[in-house]
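Colleague: I have a structure I would like to understand better, so I am pasting it below and will then ask my questions one at a time.
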Amino acid sequence: MESRVLLRATATVAGNPQLRRPIGAIHRQFSTATSSFTAFAKPIGAIGEGGNLISGRQLRPILLLDSSPEKREILKPVRAAAAEGGDSAGETKVGFLGKYPWLITGFFFFMWYFLNVIFNILNKKIYNYFPYPYFVSVIHLFVGVVYCLASWSVGLPKRAPIDSKLLKVLIPVAVCHALGHVTSNVSFAAVAVSFTHTIKALEPFFNAAASQFILGQSIPGTLWLSLAPVVLGVAMASLTELSFNWLGFISAMISNISFTYRSIFSKKAMTDMDSTNVYAYISIIALFVCIPPAIIVEGPQLLKHGFSDAIAKVGMTKFISDLFWVGMFYHLYNQLATNTLERVAPLTHAVGNVLKRVFVIGFSIVIFGNKISTQTGIGTGIAIAGVAMYSIIKAKIEEEKRKGKTA
C-alpha cells in the first residue's frame, strides 16, 4: 500500500511543472520530515513497559501519529496523491458483522452449549445399549483426528509443523487428556450424566490444590473460601444420589485429577502454535494412548458379544451413525470452547463454562427423566453456585495481575 501511494505521489509531481523543484530542496525537506516524524511517533500502550499485550503475547509496535496541524502538513502530499488515485485510506468500510461483533460471540456461545448438550445426551443414549466406555472414548478421538486430517488436507487450517522438542512437551498434556477423557466416559456410563457433572464441578478445587502444593503458587484465601460451597454441595448431592455407585464416583474424581495435571503440563507447554493445531496434535497423541487400554479391557467382550448385541438392539446403520456423530460432536464442542475463549475475556468464559454445566445437568434430567432427591438438587445447586463464585474471583485476580504487568 505504501509503495503504491509513493508511486502515485511521484507521478503527480512529475506531471505538474509547478511541483518540480531541485533535488537538493526535496532532500532537505525529506530529512526535515523524517526527523519530525521520528520526534512525534510513539508506540501505543507503552511497548517498552509491556504494552500491546493480547493473551500474554506482545505484538509488533504500532506508530501513532500526533494529530497536531504542524505535523499533519508533512503527510498532505501523500494523502493528496492517495485521494487522486482513488484509495480512501481513512474510509474503511465495516461489514455488518464488524459493526456487531457480539453476534459472532453469541453464536460461538450458542454452538458451544448446543454441541455440548447434544454430545452428552447422545453419549448417554449410546451407553444405554452399548456400555463400553473405553471403546467409545477411542471413537470420540478417532472421529476428531479424521476431521483434523481432512481439515489439514484442504488447508483449513494450514497444518503447523511440529518438531521433536514440541512433541515432548505435548505428550504429557495428551496423556492426561486421554486419561481424563476415558475416566469421564466410564463415569458417564456408570451413573447419571447430571451426577457426573456435579462431581466434575470439583475440578476447580483440585486445580487450586495443585497450584498451591505442587506449583508452589500462593492461592488467596477468598478463592479457598469460594470452594467450600463446591465441596459441601458435591457431598450433599452424592449422599442421596439415586444412581450412585463407586465406579462412577471414583472415575469422575480421577478425571478431575487428570484434567488438573493436564492444566499444569499445558502451562509448561506454552507454544506460539494456534489453538486449533495444538488441539489436533493432542487428539492424535491421545488416540494412540487410548487404543491399548480399550483393546485390553474391552476387546474380548466386544468381539464375543458387544458389537452383535448393539447391532441387534438398534441396527447396524444407527449404531455406526451414533458413533460417528457422538465423535463429531465431541470434537466440535471442544474446539468451539477453545475458539470462544479466544474471543472473550477470561471472566466471561468462566461464567459461560458454569452456565454450560447448568444447561447440561438440566437437559439431561429432562431428557432421561432422571429422578433426583431434594437434597441432591440442593447440593447440585450449591456446588454450581460455588463454582461460579470461584470462577469470577479467579478471573478478576488474573485480570488484575495482567493489568499490573502492563502498567
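For all residues, glycine too, the Cβ spot is worked out from N, Cα and C.
I grabbed these lines from TrEMBL:
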DOMAIN    105-391  domain 'Sugar phosphate transporter'
TRANSMEM  102-122  transmembrane segment
TRANSMEM  134-156  transmembrane segment
TRANSMEM  221-240  transmembrane segment
TRANSMEM  246-265  transmembrane segment
TRANSMEM  277-296  transmembrane segment
TRANSMEM  316-333  transmembrane segment
TRANSMEM  354-370  transmembrane segment
TRANSMEM  376-393  transmembrane segment
Colleague: Would you say the transmembrane segment (134-156) and the transmembrane segment (277-296) are touching, if the rule is that at least three C-beta pairs must lie under 8 angstroms and be 6 or more residues apart?
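Modeller: Yes; at least 3 Cβ pairs under 8 Å.
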Colleague: Test the contact criterion for the transmembrane segment (354-370) and the transmembrane segment (134-156): 3 or more CB pairs under 8 Å, pairs 6 or more apart in sequence, then answer yes or no.
Modeller: no
Colleague: Which of 102-122, 134-156, 221-240, 246-265 has the most Cβ pairs closer than 8 Å to the transmembrane segment (316-333)?
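Modeller: By the under-8 Å Cβ criterion, the transmembrane segment (316-333) pairs most with 134-156.
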Colleague: Below 8 angstroms Cβ to Cβ, which residues of this chain, lying six or more residues outside the transmembrane segment (134-156), approach it?
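Modeller: Distant Cβ neighbours of the transmembrane segment (134-156) are 123, 126-127, 178, 181-182, 185-186, 189, 280, 283-284, 286-287, 290-291, 293-294, 297-298, 302, 306, 323-324, 326-328, 330-331, 334.
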